[in-house]
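In what follows, a single structure is set out as structure tokens and then discussed.
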């Protein structure tokens with residue numbers, strides 16, 4: 001038995017490991033407790049249900065995606081380039097995950113399907129980051145849209161083919177980068193027009 | 001036993017019925033033969049494998065989608081409005097299918113997952129229709145893009161959230177029409193800019 005105190009972080013580490021081994025459908029809170037050599041009652045004191053534990057795992061996982069993106073959203077300089085870097089980073093992270101660990105990616109996609117509230121909050125956070133970039137682009141006269149929040153949501157939704165896990169099987173298409181470049185060119189052209 | 005000659009059309013009708021009842025995983029060529037009261041050898045004379053029959057079902061199903069869209073692509077008048085009508089019609093058809101017959105839609109989505117070649121050909125056909133509209137918009141000075149094929153593919157891919165079956169669960173979102181309107185506004189703004 002590990003003598004370090006049983007923090008929520010340690011429980012989440014164990015839950016990730018168990019989910020990775022058994023998948024979402026088969027993994028249980030008892031498996032997590034067994035992995036940590038504690039009773040399942042001990043886990044329930046921190047996470048009152050399997051759903052709560054699943055949501056916390058999803059939240060931490062998505063947090064790892066939003067942190068480097070938040071750093072890009074806070075950079076200075078050309079908003080056009082910053083926006084491109086932001087989406088490029090998002091796509092790189094998603095693709096790396098699916099290529100490096102396809103089974104783990106599938107498990108996390110299944111978790112995301114069920115942890116709807118967590119995913120929605122994550123998307124709101126990402127769209128807010130994009131909106132901040134669009135807003136700075138409006139200030140610098142690079143963009144001429146009037147509603148940064150609406151424009152950010154539209155750009156995010158118009159690029160789902162390139163970052164939404166439902167399209168992961170299309171990311172190995174040899175044309176995928178050219179396809180993104182074309183969509184990007186069109187969206188960017190739209191952002192510089194008064195609408 | 002039905003005395004009318006056993007045409008490919010009749011076999012496809014039967015295959016659709018069988019797929020609708022049992023789903024793709026469970027349906028067999030023997031089920032289709034039983035439904036038609038013929039031997040499975042008779043089916044194989046028309047369709048040499050279950051995959052060939054599945055592809056033919058997918059092809060006919062997708063054809064029902066492309067026919068009314070082709071009619072819109074051939075209309076005269078404002079290309080801006082024509083392009084909007086085309087995508088609206090595509091979205092209406094997809095949504096109707098998923099709302100009216102969710103199980104059948106799931107079956108067809110599973111078929112489409114496997115009949116990749118048929119689906120790819122269908123998408124090429126749809127993108128060509130969009131390209132024809134964009135081209136007429138370039139002629140009429142409504143659009144200022146230079147490569148209608150690339151622009152058509154970009155508009156098609158930038159709107160997948162609203163017509164790709166992988167996003168069907170998002171179509172019941174009360175914001176879906178407003179979301180599309182925002183994406184559309186951005187794409188249309190892009191189309192009128194020299195790129």
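Keep in mind that glycine also has a Cβ here, set from the backbone N, Cα and C atoms.
What TrEMBL says about this protein:
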{"type": "DOMAIN", "residues": "A:5-65", "note": "domain 'HTH tetR-type'"}
{"type": "DNA_BIND", "residues": "A:28-47", "note": "DNA-binding region"}
| request: Give the residue counts of the domain 'HTH tetR-type' (A:5-65) per reduced DSSP state, in the order helix, strand, coil. | output: 50 helix, 0 strand, 11 coil
| message | Give the mean pLDDT for the DNA-binding region (A:28-47) on the 0 to 100 scale. | response | 95
